[in-house]
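Colleague: Please read through the structure below; I'll follow up with questions.
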Amino acid sequence: MGKPLLIIVGPTAVGKTETSISIAKKLNGEIISADSIQVYKHLDIGSAKPSLTEQEGIPHYLMDEIDPRENFSVSDFQRKAKEYIHLIYDKHKLPIIVGGTGLYVNSIIYQMDFTSTASNWSLRKQLEEEAELYGNESLHHKLREVDKDAADRIHPNNVKRVIRALEVYYESGDKIHDFKNTFVENPEYDYVLIGLIRNRQQLYERINQRVDLLIENGLVDEVKHLMALGLDEDNISMKGLGYKEIVGYLKGAYGFDQAIEILKRDTRRYAKRQLTWFRRYDKINWFDINDFESKDALVYNIIQYVEGKLSLI
């Protein structure tokens, strides 16, 4: 049996940060962030990164660590997260992975060897050039010829996903859905996977309120500062929600009010996609925050469940 590991996931703005800190304090745990934007330095307001005060003394890893000019891949996350997991074990504490980036979670709970499954860069370059020369629809038509199900799921304008599905087919002969279904659980960890949810209307209201708070807290000035450092929408770090929308506003693509509405809309859509992703996990146990009269009651019930499932350190 592997070593104990707690994973807490859920859509953006559901309340993962506050809940996970309370759980970490009760279970002698330390937190590893699974958030593809919070990992970057200087991207504080837009990523809703908890301050040191809000962290309440609980160590947080993979938060505020990477220069925003650098790309941070899923394989980078897997490597560094595993290093931190073992560091936490050495302290005789419980590692708790918290976040909403599904690919990061996959890289820990499944056996994913990025060294042996690296993308064929020459093939990718060829497909990118085809999209550039002949258009997105042409590339999407090529996908439909070999994997109709994937073509039905992936929008023609989502060129990266179209290319990835074609890569999987050309390299392995498998459809991308079949390829994903070949994931095998990682035996290194005896993990418990907790999902946090809320009533959809309440979640969307919290998202809208969060966006208003980000603006109030100085998101526009933060993005101006990042652009002054030479960052723009071409950097991976700036493609995150809250950053790309404000960059568009600052470059004159649309007005301020429209930027706010776009950000709220895109964040709601992202939350919906996150829920779809996490609902695929067979081992996830959902806790509906609306079912509990207080945060303490929620935390108590999660801890009771976790202690019944894990042999804690």
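Including glycine, each Cβ sits where the backbone N, Cα and C put it.
Annotations in TrEMBL come from automatic prediction, not curation.
The following feature annotations were taken from TrEMBL:
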- GLY10, PRO11, THR12, ALA13, VAL14, GLY15, LYS16, THR17: ATP binding site (BINDING)
- THR12, ALA13, VAL14, GLY15, LYS16, THR17: substrate binding site (BINDING)
- 35-38: region 'Interaction with substrate tRNA' (REGION)
- THR101: site 'Interaction with substrate tRNA' (SITE)
- ARG124: site 'Interaction with substrate tRNA' (SITE)
Colleague: Whole-number answer please: how many Å between the C-alpha atoms of ALA13 (ATP binding site) and THR101 (site 'Interaction with substrate tRNA')?
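Modeller: Here the two Cα atoms lie 13 Å apart.
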Colleague: Let me know the most crowded of the recorded positions, choosing from LYS16, ARG124 and counting other Cβ atoms within 10 Å.
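Modeller: Answer returned by the neighbour count: LYS16.
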Colleague: Give the residue counts of the region 'Interaction with substrate tRNA' (35-38) per reduced DSSP state, in the order helix, strand, coil.
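Modeller: Here the numbers are 0 helix, 0 strand, 4 coil.
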Colleague: Identify all same-chain residues not among THR12, ALA13, VAL14, GLY15, LYS16, THR17 whose C-beta atom falls within 8 angstroms of the centroid of the substrate site's C-beta atoms; report them in sequence order.
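Modeller: Going along the sequence, the neighbours appear as GLY10, PRO11, GLU18, THR19, GLY100, LEU196, ARG206.
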Colleague: Other residues near the ATP site, CB within 8 A of the CB centroid of GLY10, PRO11, THR12, ALA13, VAL14, GLY15, LYS16, THR17?
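Modeller: Leaving out the recorded residues gives GLY100, LEU196.
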Colleague: Report the mean pLDDT of the predicted model across the region 'Interaction with substrate tRNA' (35-38), rounded to a whole number.
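Modeller: The predicted confidence over the region 'Interaction with substrate tRNA' (35-38), as a mean pLDDT, is 95.
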Colleague: List every residue in the same chain as THR101 (site 'Interaction with substrate tRNA'), at least 6 positions away in sequence, whose Cβ is under 8 Å from its Cβ.
Modeller: ALA34, ASP35, SER36, PHE77
